[in-house]
Amino acid sequence: MTQNVLILPGDGIGPEIVTEAVKVLETAKQKFNLNIELDNALVGGAAYDEFGTPLPEVTMQKAEKADAILLGAVGGPKWDELDDRELRPEKGLLGLRSGLELFGNLRPAILYPQLADASSLKPEVVSGLDILIVRELTGGIYFGQPRGIRELENGERQGYNTYVYSESEIRRIAKVAFESAQKRGKKLCSVDKANVLEVTVLWREIMNEVAKDYPDVELSHMYVDNAAMQLVRAPKQFDVMVTGNMFGDILSDAAAMLTGSIGMLPSASLDKNNKGMYEPCHGSAPDIAGQGIANPLATILSAAMMLRYSLNESAAADAIEQAVSNVLDQGLRTADIYSDGMKKVSTAEMGEAVVAALANA
Ligand code: NAI
Ligand code: MG
């Protein structure tokens, strides 16, 4: 059966880096005889310019039909002036996430040994780091009701939010996390604050319950404050971490920065059927857009994740990741990961090098 992939280049460096990822996908398609078809649509500022909205109906329809989506990035100063917040490029992205119920956010933090000196931590602490943070993306305190700022009887104002997770929400993110752990090192650490927050007492209970369906995965629990400490002290102790929306927001950004190279980090957001949207962790980098110097590897690695998690083509995913490692071995570096003695390459040269490494593998 043909699997449909929707390509959403977006804004800024989006189209440049997505072009390279598409070349890599086409190469993987040939080499592994993949039955995938690529289609294109506009989102973000590019869609606003053309249709007057960041998420046109035609894009949403294609996204609903697709088995997976590869997105560049959206946004830029050109659209920051828009008074109506609903028309801003980010709304295109949020609309896709909520419209498609992409609740399972996978954020790997991988530090290729070739780039160990990009990290602010000592090489021996981070070299070879390969962890995956699974963040619940559509629930928790970011979405809980009621919320707002109210006036108390004494005239003082009070801000409030509600931290809620239902059993079914916890169960479905647990499933994503256990399945991800099964595809990797089979260790899962669930992060909560069960000593203080009842929500996470339930969270912990459900995690233990779901664990029974995954006897090959070793489950542990950690309080979020300790997890933050452990991430910077000895990050390599982790394989997969799973946590709620807010803790995951913070921990995944911290974990990403352990690697020091924002141009290298892919991400996935999955629904309950493992349909997903895949995108680099970085934004549209307007400061370097149009110069042909952006690092396409985060987007290429996102395409690899897409093959693994949504399209069930693990061999092709492995081969792309291996090809990326191979070009780093060759000393090829875009400006953001450049260091002395290496060979500085453009966006397109980096893409072509991955294509060549993949084709010759
Ligand atoms: P950014 O991630 O776009 O850029 C931060 C810095 O990293 C910049 O100096 C940029 O040049 C550099 N950088 C980012 N990606 C790079 C790559 N692939 N290769 C080399 N260097 C790279 O974040 P910033 O500047 O805060 O936001 C810029 C725009 O992107 C804003 O409009 C923001 O709203 C949007 N944005 C979009 C996201 C998305 O589409 N998922 C996520 C984050 C920001
Ligand atoms: Mg964040």
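In case you wondered, yes, glycine gets a Cβ from its N, Cα and C as well.
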> If TrEMBL says R97, R135, D225 bind substrate, which of R85, R107, R147 does it name for the same site?
Replying inline: R107
>> Whole-number answer please: how many Å between the C-alpha atoms of K193 (site 'Important for catalysis') and D249 (Mg(2+) binding site)?
In response: 15
>> Can you tell me which of these binding-site residues sit near ligand 2, meaning the Cβ is under 6 Å from at least one of its atoms: R97, R107, D249, D253?
In response: D249, D253
> Ranked by the number of other Cβ atoms within 10 Å of their own Cβ, which of the recorded positions R97, R107, R135, K193 ranks first?
Replying inline: R135
> In the structure shown, which of the binding-site residues D225, D249, D253, D287 has the fewest other Cβ atoms within 10 Å?
Replying inline: D287
